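Residues annotated as domain 'Peptidase M14' in TrEMBL: 99-394. For 360, the entry in TrEMBL reads active site, proton donor/acceptor.
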């Protein structure tokens with residue numbers, strides 16, 4: 001298998017690519033659906049070995065330029081998680097935050113923190129996944145007063161975006177390790193609660209470790225089609241299954257049979273609705289594109305509190321850049337990325353959470369979903385600066 005990049009240079013090329021990708025059922029990495037392929041923007045495509053023979057000559061014949069991003073995908077997968085067996089992954093005191101962890105390891109780690117840091121950590125489950133796994137959340141913060149504002153953070157809505165769960169774990173580690181020494185962190189944990197959900201789509205994430213590294217959706221079964229899963233970021237009750245979502249169960253952006261059809265989405269939506277007065281920010285972590293997005297995703301329109309949100313995004317992106325010079329694009333999701341309906345970020349915003357953001361972490365396609373473990377630390381370090389910046393912005397009044 002290979003990953004290629006194509007940038008259509010005309011309407012003709014756009015139409016040819018859309019048709020070819022639809023016909024050949026390739027795995028689009030970017031954008032998430034052939035509908036979003038437009039003139040002048042990047043399309044990254046995973047081409048299965050058996051399709052390479054027909055697709056690449058076809059593109060050459062049609063005179064469409066492409067570049068090969070990853071020439072041997074299997075080798076790249078092995079490189080990403082190479083040398084796993086050599087490390088002691090069971091020892092939690094020496095837990096390694098610079099490698100990717102399986103679902104089982106992440107759950108063990110959560111249990112461990114819950115036992116070890118009981119004054120700052122409370123672990124609970126908001127429900128069960130389709131396959132019956134608990135949906136764990138860590139509540140971080142000093143129990144300093146009965147009512148505190150809160151920030152919700154989730155990672156891993158899309159299974160193959162492994163850097164997301166890695167960041168959620170990194171965030172928790174930083175909070176616990178720097179609470180004593182960093183006045184900003186102390187302030188954040190004293191004045192706020194953080195609800196952190198390291199793996200939203202637990203079934204899909206587990207599947208991406210055991211069966212298909214590039215699985216995106218949940219794992220619910222569809223009776224009529226022999227396809228599994230729903231895009232958990234198209235399943236929310238906000239302009240559900242409108243533009244940018246698919247009605248076909250086999251598509252990567254399938255919106256599901258009805259809003260909140262997925263038990264994972266339903267459980268989190270229920271929790272957020274119940275705590276909507278307390279939760280002031282919703283942060284969701286995805287990959288890849290190096291962007292910081294805010295509502296709306298489903299339409300081109302300006303949100304009512306645009307000035308506050310836009311200045312929070314601007315400052316967060318500058319804070320992030322200060323670490324390694326990595327520049328994130330930022331703006332409304334619809335115009336910065338593409339229009340998509342039924343997203344968690346829009347839903348959170350529509351349900352009264354004033355600061356709703358979706359991060360698209362590193363990189364911009366050189367490694368795509370296979371971000372090497374050596375890049376976990378820099379990615380998380382810079383992202384941490386952005387998250388702290390947004391959180392501190394939240395504690396100040398914005399008019």
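FYI, residue positions are counted from 1 along the chain as it appears here.
The backbone N, Cα and C atoms fix where each Cβ goes, glycine too.
Within the model, the domain 'Peptidase M14' (99-394) carries an average pLDDT of 97. For residue 360 (active site, proton donor/acceptor), other Cβ atoms within 10 Å of its Cβ number 23.
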